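Visitor: Would you mind keeping the following structure in view while I ask a few things?
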Amino acid sequence: MVAPSEDYPTFPLLSKNEINGQLIPEVSHWALSNGLVMYPPNFKTSQGLLAPTTLFPTPFPRKSFEQAISVQTLYNELYAKVSQDKDHWLGNLIEKLGQFDPEFTGKLWNLYVKAEGSGISQKLALGLFRSDYLLDAQSLEVKQVEFNTVSVSFGGLSTKVGKLHNFLNQSGKYSLDDGRPFYTQEIPVSESARLLPKGLWEATRKYQTSASHTIVAFIVQQGERNVFDQRILEYILLEEYGVKSVRMTIHEIHTKTKVDDQSKRLYYEPTGEEISVVYFRAGYSPQDFLSDQDWQNRLQLETSYAIKAPNLLTQLAGAKKIQQILTDDSVLAKFLDDAADRKKLSDSFVKIYPMDCSEQGIEAKKMAFATPQRFVLKPQREGGGNNIYKDDIPTFLKSIPEEEWSGYILMELINPEPTTQNIVIRGDVFSEEPILSELGTFGYVLFDDKEIHLNEYAGWLLRSKSSTSDEGGVAAGFGCVDGVVLY
Ligand code: ADP
Ligand code: MG
Ligand code: MG
């Protein structure tokens with residue numbers, strides 16, 4: 001392995017044989033031994049394969065990385081306060097938004113109204129959040145892509161990929177032929193695999209009970225391919241914090257749990273153990289709900305005394321429409337008094353427009369047709385693969401009635417840093433490609449209707465995608481898990 005000749009090299013030059021014969025077998029063993037793995041589509045359980053991963057960490061400006069981390073607790077606070085829904089600010093907006101998305105937002109909102117009607121027995125809520133950013137090439141500031149309040153993933157695998165890159169570096173696998181290490185600087189490892197379970201543990205500690213111990217229920221999708229990312233959190237929750245967890249799908253809640261009529265406490269049916277925290281890694285998309293029973297099951301959890309991570313209002317606060325509205329400083333000021341704090345957040349905003357009949361909306365509609373190349377159009381959906389990009393926007397808009405446009409937001413495209421090269425390993429094949437990276441920072445926040453009890457930063461994630469693709473979802477097949485070297 002030799003160093004390339006450019007002044008600012010990204011990784012050592014190496015032959016196909018070196019990659020195939022030396023590095024890939026190392027990566028593969030490490031990945032399988034440590035759970036850096038994901039099933040392919042239509043998997044058989046006998047198959048175990050490495051998650052899409054980069055062979056090398058990606059260079060990222062230290063200042064921009066630190067900027068993202070430095071605003072995490074402010075974002076946690078903002079979204080906790082939005083979720084508290086004082087003065088029904090959130091509720092009123094979501095109720096309206098539900099009319100444009102009756103399939104999902106509307107149904108979640110109706111569920112919340114029902115839950116409120118029958119009485120919310122648990123006022124505490126846990127947010128496990130992830131704020132996602134792209135690097136703006138001009139300012140070198142990170143700009144927010146979106147803020148996720150439900151089912152944030154890759155906290156487990158992110159730590160693993162950082163450890164992989166560290167292992168390859170420390171064990172000399174990245175070393176040059178003369179023995180010098182290629183990376184002399186530290187390769188950071190995200191603490192998300194430990195800090196996200198810590199958030200869950202903190203919630204179990206705040207939960208009031210006379211039971212000797214309680215457990216956490218992970219609500220997951222059937223046939224989840226990204227299962228190892230979740231298992232890592234479960235193992236650490238047990239190993240480091242002594243809290244047991246159980247897994248179940250939304251379809252199983254009525255058979256695997258029981259709610260006490262009086263106390264509203266939630267119990268795990270097979271063992272009778274009390275569930276203190278319900279952690280959702282499912283329920284963020286309409287496809288997760290197959291029947292009325294599933295909706296009933298979600299309602300049962302919402303009205304139970306268990307702490308939800310997240311509860312319905314917190315999940316709904318993550319709507320892209322809410323993100324758009326919060327870019328207005330006078331709105332932001334409802335939640336954050338300190339102008340310096342608001343400035344720190346707004347430095348990470350790009351322009352986001354409504355597509356409604358307001359003055360701003362009318363302007364946005366014009367721009368969407370005049371200069372679509374500058375924008376991405378987003379519906380109220382999560383999980384990747386739902387956005388409309390650039391020149392596809394006008395055709396798409398024309399294909400639906402104008403009344404429905406209000407359900408979308410129009411967002412300026414962030415001009416990311418000119419792409420870096422990396423080698424992406426997918427299954428047992430690798431390819432050298434120009435990539436574009438999206439940084440995520442995690443946080444957790446424990447709050448009730450009046451107060452924020454805990455608010456912490458909880459690690460980071462770098463996901464990269466082939467720079468030719470607009471989307472970046474790893475599980476959706478567009479991207480890969482990456483790490484950073486800071487410069
Ligand atoms: P989802 O909730 O489905 O993940 P996102 O808002 O994160 O939706 O959009 C999906 C992907 O689209 C992002 O990961 C990113 O690659 C791309 N994207 C979204 N917004 C922008 C933007 N403003 N500029 C550039 N790319 C974007
Ligand atoms: Mg996203
Ligand atoms: Mg999202």
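Backbone N, Cα and C define each Cβ position, glycine as well.
The substrate binding site annotation in TrEMBL covers Arg130, 150-153, 224-226, Gln230, 281-284, Arg463, 474-475. Residues or ranges marked as Mg(2+) binding site by TrEMBL: Glu146, Asn148, Glu382. Positions annotated as ATP binding site by TrEMBL: Glu146, Lys320, 378-387, Tyr389, 411-414, Glu438, Lys465, Glu471. Annotation comment: TrEMBL describes 214-317 as domain 'Glutathione synthase substrate-binding'.
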Visitor: Between C-alpha atoms, which of these binding-site residues comes nearest to Tyr389 (ATP binding site): Arg130, Asn148, Ser151, Arg225, Gln230?
Guide: Asn148
Visitor: Of Arg130, Glu146, Asn148, Glu382, Lys465, the binding-site residues listed, which put a C-beta under 6 Å from ligand 3? Please answer none if none do.
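Guide: Checking each Cβ against ligand 3, the ones under 6 Å are Glu146, Asn148, Glu382.
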Visitor: Would you say which of the binding-site residues Asn148, Ser151, Ser153, Gln230 has the most Cβ atoms within 10 Å of its own Cβ?
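Guide: Of Asn148, Ser151, Ser153, Gln230, the one with the most crowded Cβ is Ser151.
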Visitor: List which of the binding-site residues Arg130, Ala282, Pro379, Gly385, Lys465 have their Cα within 10 Å of the Cα of Asn148 (Mg(2+) binding site), in sequence order.
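Guide: Of everything listed, what lies within 10 Å of Asn148 (Mg(2+) binding site) (Cα to Cα) is Arg130.
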Visitor: Is any of Tyr284, Pro379, Gly385 (binding-site residues) within Cβ reach of ligand 1, i.e. under 6 A, and which?
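Guide: None, by Cβ distance under 6 Å.
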Visitor: List the helix, strand and coil residue totals of the domain 'Glutathione synthase substrate-binding' (214-317) as derived from DSSP.
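Guide: Reading the DSSP string over the domain 'Glutathione synthase substrate-binding' (214-317) gives 43 helix, 28 strand, 33 coil.
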Visitor: Cβ under 6 Å from an atom of ligand 2: which of these binding-site residues qualify? The list is Glu146, Arg225, Tyr389.
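Guide: Correct list: Glu146.
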Visitor: Between C-alpha atoms, which of these binding-site residues comes nearest to Tyr284 (substrate binding site): Glu146, Glu382, Gly385?
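Guide: Looking at Cα distances from Tyr284 (substrate binding site), the smallest one goes to Glu382.
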Visitor: Between Arg130, Arg225, Lys465, which of the binding-site residues has the fewest other CB atoms within 10 angstroms in the structure shown?
Guide: Arg225
